[in-house]
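Working notes, structure below.
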Amino acid sequence: MNVLLGGFVIFATFVTLCNASCSFMPNERFPGDSTRECTDLKGNKHPINSKWQTDNCEACTCYETEIICCTLIATPVGYDKNKCQRIFKKEECKYIVVEKKNPKKTCPIDQWIL
């Protein structure tokens with residue numbers, strides 16, 4: 001029974017990670033353009049097959065034909081919203097959930113959404 005439960009937990013984690021919110025942007029190249037790089041929305045250039053993290057907490061990858069960026073932010077949804085509040089820590093790209101009356105005390109979280 002424990003093996004079955006452990007397998008379910010691993011499967012649920014995998015499904016959650018696979019549902020990450022991603023955006024796709026064409027890597028615009030022009031005839032005769034032999035550069036092997038992508039230009040992101042801020043105008044920064046990245047080599048083909050390179051990866052980087054944006055200021056908006058996205059993990060991006062440069063491919064020949066597109067740039068794919070996926071959010072790194074997991075949003076807590078399974079917590080006591082009457083007793084607790086979520087706080088976004090931009091420098092860490094994550095939320096924490098703390099008690100409203102005592103922000104030094106964290107709250108348990110049952111569910112996250114990517």
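From the backbone N, Cα and C atoms, a Cβ is placed for every residue, glycine too.
When the candidates Cys38, Cys57, Cys60 are compared with Swiss-Prot, only one is recorded as disulfide-bonded to Cys93, and it is Cys57. Put simply, of the disulfide-bonded residues Cys22, Cys84, Cys93, Cys107, the one whose Cα is nearest the Cα of Cys62 (disulfide bond) is Cys22. Listed in sequence order, Asn27, Lys45, His46, Ile48, Ser50, Cys62, Tyr63, Ile67 are the same-chain residues at least 6 apart in sequence whose CB falls under 8 Å from the CB of Cys38 (disulfide bond). Cys107 (disulfide bond) and Cys22 (disulfide bond) are 29 Å apart (CA-CA, integer value).
Under the DSSP three-state reduction, Cys84 (disulfide bond) is assigned to strand.
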